């Protein structure tokens, strides 16, 4: 039996064959055809629209969590709302009493700020171009990262459960991925042995299967100076001036060969990359600044976080000649590169530079049991977090099929 929403999608595709004449200022109407008709005709696209329209920047996920939980309950899932705080919770859903599923399908429901409203558009490609429904562009914060994955995962699971009602699949949608990963860490605190033999993570991968991603560490460099009147700067010591050279040097550590003192690289992930994301200091333009700080994020291509921390500390001290007024401090934790499974045919394989919740999901017990971990999803990371975040109808619908392939492979696994 086919899902009714698949029939609606086919109906929308036939209607969409009309040739567009023009686009309005809102980007919503093409000649006599309204792009919203395509969205309204598809339960998948409508659900995606509904959750994207709900602002859910990190720490403000309550409303979208409620919406997703209610939707899954209407689809006869048992839904647990795992509390993070009074106004934040993970959504964990499964069939009946099967709270320990074999397969876990997961993504995150928080987004980075600022909220950007949902919008539809269509690229006009010139005369004679036939309307292509799959090229309709869906824009807004979270369309890609990661509400595209959330929607596609849910509808892929619904399709499979329609065909195989006894399939042992759970859905987990966590908060806080964009800021520290508290949602996945909270889910992982359950000390009971993990039941799942396969976990499918959703992030924007361009419909490619990811073989791994870099690790990450964060740190700051602080400079201490001496305040003075700006008219007599020689009476003080400018902390910003002291900080800038070492900050610039540190930013280049990923480009320096490892044997020459740089950060590690690997054939799989390439160079480690260093981002100088924040620099701050001083209190007023007429005061010599007595303090300054530079904050860095490193995407680590090889080795452990501690190894990279040692390199950074050593090279900063060497560059500053052990200046006691320049200090390096690392933020707690850090992650090594994460390798993932790619043993499913039909996908292109890539690596990515961004971090995910994958290493934050703890696997408890099980002895030598191998848990497969896959990372896949619609949309490009190159537009995620930006003002032009968007994906196409084709991306979203293609992801449903991709998730189906991954889940079907997991269901056939002999464990």
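Cβ coordinates are placed from backbone N, Cα and C, and glycine is handled just like the others.
What Swiss-Prot says about this one:
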SIGNAL    1-17  signal peptide
CARBOHYD  97  N-linked glycosylation site
BINDING   145  Zn(2+) 2 binding site
BINDING   145, 178  Zn(2+) 1 binding site
ACT_SITE  177  active site, proton acceptor
CARBOHYD  271  N-linked glycosylation site
The residue listed as 'active site, proton acceptor' to residue 271 (N-linked glycosylation site) - Cα separation in whole Å
25
C-alpha of residue 97 (N-linked glycosylation site) to C-alpha of residue 271 (N-linked glycosylation site): distance in Å?
47
Lowest 10 Å Cβ neighbour count of the recorded positions 145, 177, 178 is held by 178
Around the Cβ of residue 271 (N-linked glycosylation site), other Cβ atoms within 10 Å, all chains included, total 20
Near residue 97 (N-linked glycosylation site), how many other Cβ atoms are within 10 Å of its Cβ?
7
Mapped onto three states, the DSSP assignment of residue 97 (N-linked glycosylation site) reads coil
